[in-house]
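What TrEMBL annotates here:
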| type | residues | note |
| --- | --- | --- |
| DOMAIN | 710-766 | domain 'CBS' |
| TRANSMEM | 83-104 | transmembrane segment |
| TRANSMEM | 124-145 | transmembrane segment |
| TRANSMEM | 239-262 | transmembrane segment |
| TRANSMEM | 274-293 | transmembrane segment |
| TRANSMEM | 326-347 | transmembrane segment |
| TRANSMEM | 457-475 | transmembrane segment |
Amino acid sequence: MIQGSGEQNSLSVLQNGMDRAKSMWSRLPDTDENEDDLVSFLKKNDGGGVESLDYEVIENYAYWDEQAQRGRLFVGYSVVVKWLYALFIGIGTGLAAVFINMAVENFAGWKFSLTFALIQKSYVAGFIVYLAINLGLVFSSVYIVTHFAPAAAGSGIPEIKGYLNGIDIHGVLFFRTLIGKIFGSIGSVGGGLALGKEGPLVHTGACIASLLGQGGSGKYHLNSRWLQVFKSDRDRRDLVTCGCAAGVAAAFRAPVGGVLFALEEVTSWWKSQLLWRVFFTSAVVAVVVRAAMGWCKSGKCGHFGSGGFIIWDISDGQEDYSFGELLPMTVIGIIGGLLGALFNQLTLYMTNWRRNHLHKKGNRVKIIEACLISVLTSIISFGLPLLRQCTPCPKPDPDLGNECPRPPGTYGNYVNFYCSKENEYNDLATIFFNTQDDAIRNLFSAKTMHEFSARSLLTFLVMFYTLAVVTFGTAVPAGQFVPGIMIGSTYGRLVGKFVVSFYKKPNIEEGTYALLGAASFLGGSMRMTVSLCVIMVEISNNLKFLPLIMLVLLMSKAVGDAFNEGLYEEQAQLKGIPLLESRPKYQMRKITAKEACGKRVVSFPRVVKVADIVSILRSNRHNGFPVIDYSRNGETRVIGLMLRSYLLGLLQSKVDFQHSPLPSDPRGSMPTRHNFSEFVKPASSKGISIDDINLSSEDLEMYIDLLPFLNPSPYIVPEDMSLTKVYNLFRQLGLRHAFVVPRPANVVGLITRKDLLIEDSEDSDAMELQSTSVRARRRDRRIHTANGDVESPLLNGLLVNNTDG
């Protein structure tokens with residue numbers, strides 16, 4: 001049998017994803033005679049420090065009693081509540097995104113307005129104020145993360161992806177993590193660091209969904225019993241999926257892209273009912289965001305206005321493209337794959353070095369590191385444009401509406417920075433000394449031919465790429481969408497300049513190549529295709545670019561996959577999150593379930609002494625235990641699987657303790673004593689441990705009958721089944737445990753597709769099975785009942801009727 005647990009279960013090889021870095025797999029033996037070395041290697045890579053989630057429905061006596069008490073109206077009630085939760089998640093995530101963007105835009109607006117006002121008199125004073133504001137915002141962000149919400153650091157997408165994959169990580173979905181994510185993002189993004197707020201928005205949406213699903217936060221007394229409807233891991237998984245899609249929809253104003261992002265990137269399991277709710281949640285987010293944008297256009301939101309959210313409308317850009325342009329577009333895809341793979345590898349090295357050397361020294365070092373990076377970023381973004389000569393403004397075109405130079409404190413092109421004449425602009429300051437949203441808008445802009453020189457674009461590409469690598473992994477909320485867009489749009493515009501000079505066609509726009517470059521870098525780094533393609537189309541508002549975006553995404557992903565894995569997958573491995581990827585490793589075909597499972601199985605008898613339960617729970621960290629019973633002839637049989645959480649709940653309540661070591665009636669008074677929610681711990685929390693339970697000496701001498709609380713029908717696999725099949729079962733069904741049993745000697749029956757086709761009759765209590773075999777069995781039962789003296793063989797009339805399925 002498999003001894004299941006979050007840390008030491010017998011399929012721990014499955015729980016850690018079987019997906020280590022390719023350098024590890026290169027050391028694996030390929031020959032059959034070294035197969036034992038392969039199995040031992042897999043077992044050494046045990047993912048400790050995390051716990052699996054229970055997505056399986058435990059159909060024990062408590063479950064069926066609870067289902068019977070709910071009645072018929074509960075089904076409709078639960079459906080209505082799920083849709084209401086989807087509505088609340090959309091509204092909450094949309095409002096959180098509005099608040100974050102409004103705060104970031106206002107802080108950045110005040111910062112640049114004050115700096116531009118001071119540099120009119122003294123550039124030194126302007127730099128000091130610019131540096132101080134950035135430093136103060138970054139310090140506030142890193143202080144919040146290190147002292148209040150450590151789980152709010154980073155983008156949060158690898159952790160949420162792990163949660164939806166079946167891995168529970170402590171603190172990821174806490175209320176304080178939500179607060180730290182919101183206010184930490186404001187400080188880190190407003191402070192000008194080379195990171196974005198889109199990844200944190202995904203994490204924010206997931207936290208809002210989780211908190212709503214469990215009725216709020218009990219620690220801070222912000223909870224309500226009326227909201228505590230869904231407490232199982234299955235229901236929470238669906239809510240968190242809605243929150244992830246809402247986060248992307250709020251970040252990019254891309255509702256369809258949010259749905260596809262949740263489907264492609266973060267979830268491991270999907271169903272049609274969930275698709276509808278996720279789509280509805282994203283639509284609600286779009287409505288909330290649009291309403292906020294319309295309300296802020298009148299100037300009620302300070303510096304936050306039409307340019308606040310990330311959307312770069314280039315519908316007036318390049319109208320058409322020629323066949324000859326496909327070659328440079330393919331080159332952009334290749335460049336994106338190379339630079340994206342390099343970015344993943346460099347950030348992996350940097351993050352690994354931080355975790356092993358720097359961040360072990362405490363929070364003070366984390367704060368100093370983030371502040372030093374803030375100072376470095378401020379020096380580069382302010383100092384490099386000072387070294388660049390200004391360029392004369394182009395002739396004004398009233399149709400374009402691009403004012404040169406732009407007035408201080410407003411977004412747009414042509415920034416006048418350290419220029420000797422009024423009708424000049426600094427092209428490097430236009431993208432460097434600016435908010436990231438405005439810099440991207442400048443790079444995507446159409447009808448601005450030759451605005452940026454090749455030297456300025458190359459300088460910005462090298463410096464910002466370096467800053468993005470160095471900044472990634474600091475103890476602040478950080479997303480990589482916007483930095484990736486900035487990096488890609490820079491080299492995309494650089495390639496566009498060469499295309500314009502080579503083809504000499506008036507209809508070619510450099511901004512088009514900037515958009516394709518942004519898509520290529522994100523594809524080469526994050527390895528998303530469908531969702532990213534739709535997001536780029538939605539934010540550009542130009543459907544004509546769809547085939548081109550598809551081309552560069554396919555090229556960049558293919559090139560990037562040749563070197564390493566995606567950014568989120570590598571970061572998940574580095575953080576010890578054991579993801580089960582969509583495809584098992586080839587080496588699993590040569591391993592059987594018996595070879596992979598643990599040899600030492602810890603089990604319980606049906607009626608067990610409390611002292612024995614305490615001893616076993618303290619001696620190991622398993623989360624699942626087989627329960628053994630004995631038949632009348634003395635044969636041992638397995639009657640089910642008992643979860644650790646259920647054992648702890650029984651020990652804490654003490655209501656099921658009995659003096660007799662004999663089995664009790666499972667259908668007695670037990671169902672009135674417990675509710676299913678008593679055995680479910682809050683999301684991303686450690687729950688209770690055996691050390692938290694106080695038991696007297698009299699309690700230790702009592703007994704518990706485990707039959708009413710165990711899972712009587714766990715999933716079972718034969719011992720010679722390949723590990724590939726077991727892997728697919730775990731991932732597709734969301735399993736946490738499985739029993740490995742010897743090859744059975746008898747067959748009770750055979751189920752085919754027809755046996756699963758059920759239709760409702762007029763009487764809702766009667767269900768008619770469409771399978772002819774079921775009808776035959778019913779007829780056989782009637783015959784057997786009428787002729788009690790006749791015994792028919794177990795499989796009579798069954799195997800033949802099912803062979804046509």
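Heads up, the Cβ atoms here are built off N, Cα and C, so glycines get one too.
Keep in mind that TrEMBL annotations are predicted by a computer and have not been checked by a curator.
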Checklist outcome for this item: the domain 'CBS' (710-766) resolves under DSSP into 15 helix, 11 strand, 31 coil
Checklist entry - Could you give the mean pLDDT over the domain 'CBS' (710-766), rounded to a whole number? => result 83
Next on the checklist: At a Cβ cut-off of 8 Å, and with pairs 6 or more apart in sequence only, do we get at least 3 pairs between the transmembrane segment (326-347) and the transmembrane segment (457-475), yes or no?
Outcome noted: yes
Item to check | Long-range environment of the transmembrane segment (457-475) - Cβ separation under 8 angstroms, sequence gap at least 6 | outcome: 142, 145-146, 150, 153-154, 193-195, 339, 343, 346-347, 350-351, 354, 359, 363, 366-367, 369-370, 373, 376-377, 380, 384, 388, 428, 431-432, 483, 486-487, 490-491, 493-494, 497
Item to check | Positions on the same chain near the transmembrane segment (83-104), where near means CB under 8 A and six or more residues out | outcome: 182, 185-186, 189-190, 197, 201, 204-205, 208-209, 212-213, 230, 239, 242-243, 246-247, 249-251, 277-278, 280-285, 287-289, 292, 296, 301-302, 304, 308-309, 435
Checklist entry - By Cβ distance under 8 Å, which residues at least 6 away from the ends of the transmembrane segment (124-145) in the same chain are close to it? => result 107, 110-111, 114-116, 118, 152-153, 180, 183-188, 190-193, 366-367, 370-371, 373-375, 377-379, 382-383, 474-477
Checklist entry - By a Cβ-Cβ criterion of under 8 Å, what residues six or more beyond either terminus of the transmembrane segment (239-262) are in contact with it? => result 85-86, 89-90, 93-94, 96-97, 160, 163-164, 173, 197-198, 201-210, 212-213, 230, 274-275, 277-279, 281-286, 288-290, 309-311, 481, 528, 530-532, 534-535, 538-539
Checklist outcome for this item: For the transmembrane segment (274-293), the distant same-chain contacts (Cβ-Cβ under 8 Å, at least six residues beyond its ends) come to 82-83, 86-87, 89-91, 93-95, 97-98, 238, 241-243, 245-246, 248-250, 253, 255-256, 258-259, 262-263, 306, 308-309
